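TrEMBL lists 1-48, 154-174 with the feature region 'Disordered'. If you look up TrEMBL, you'll see 14-23 marked as compositional bias 'Basic and acidic residues'. Annotated compositional bias 'Basic residues' per TrEMBL: 29-39, in sequence order. Annotation comment: TrEMBL describes 250-364 as domain 'Fe2OG dioxygenase'. Taken from TrEMBL, the feature Fe cation binding site applies to H268, D270, H324.
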Amino acid sequence: MYAETEPGAAAERTAFRRAEKQYKLYKPPSRKGRSKSRGKQAGGGGFGGGGGGGDLSAVVDFHALLAAGKGELPAGIRRCDRAGFHLPVFCFLDRPGFYFIPGALSTEEQCYWIRESLKTFPQPPNRTNLTATYGPISDLLIAAKNQKILVEVESSSGKPRDEQNNVGENAHPGKFKFVDDSEIQKEERPKSTMAAALVRKLRWSTLGLQFDWSKRNYDVSLPHNKIPDDLATLAKKMAVPAMPSGEEFTAEAAIVNYYGPSDMLGGHVDDMEADWTKPIVSISLGCKCIFLLGGKTRDEAPTPMFLRSGDIVLMAGEARERFHGVPRIFTEGDQQDISGLVSELSDDDDRFILDYIHNSRININIRQVY
């Protein structure tokens, strides 16, 4: 996953890096031990230090706080509900500009956006991490469901296109195509890749204005479609708690991150947009994860919190300057927190998506660039 990294030993010494390592290496207790500790972990007992002893007792659980009703909140956390916004909102007193909306999306809405993230969002002209290797790939999810295989297409000269003089990621449109297993020649098999494996290799896709990862800016010269209307409408609606009074959020770009079982998102800041008063609208889908919200340097101990499918986080203003990341997603059966998704994705047509989401997480980050 993308991240800003530090050199060697210096990285290990920062409070943010120590928290990343702690939660990445966390091992769930045995079922016997878990039943004894569950009550301790449910409320997220305090925050800011990352916890100790390899447990999750310091991880803030906003769902547990919401379920507790209108009782006293832990020190440093308050409700930030806004008039005209119908969902509960939490924030930290010492983290201005950060807003947490637990359970913002219904299970049905979550499933819709999971399908869109795998079917529609990787479609050209949107770019993905696969584009540089394979060129634009159309209908990847359909090919995966139909057990298709991606093979290299030879040019009219009889040579694979990568043996010609074309260079650069835009030099090989049509270089690969999907075929059935029966169509593959023996000599082609070593160069072939199952479509299902390519879905598992997805790590990011970019919507709207295309982000240039090498230059860390938006390249307006790249072909792109506008943000889908329904996603733009959702972002505009959910951005309200973090928006300046009287202004509306305009979605112009989005980055979709795809996490496999062992993936993490290293500590970084999101500072590429021109106006930091407008929030990043971040939608979580799939397996539960731990999200770290730190300070303006990695030396400040981050606050750990659970992010579940359907949660939405807003980061605006000062929060845009804070290091944040995802050191761990939970793929263990009783820690995924995806039972609602499993029930909703029970149709045969969703079988591939259900298998994918059992050990994956998707994060859609919508941004107003200008």
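Including glycine, each Cβ sits where the backbone N, Cα and C put it.
Note on H268 (Fe cation binding site): other Cβ atoms within 10 Å of its Cβ, all shown chains, come to 14. Across the domain 'Fe2OG dioxygenase' (250-364), mean pLDDT in this model comes to 94. Shown in sequence order, G267, V269, M315, R322, F323, G325 are the same-chain residues outside H268, D270, H324 whose Cβ sits within 8 Å of the Cβ centre of the Fe cation site.
DSSP states for the compositional bias 'Basic and acidic residues' (14-23), grouped as helix (H, G, I), strand (E, B) and coil, give 9 helix, 0 strand, 1 coil.
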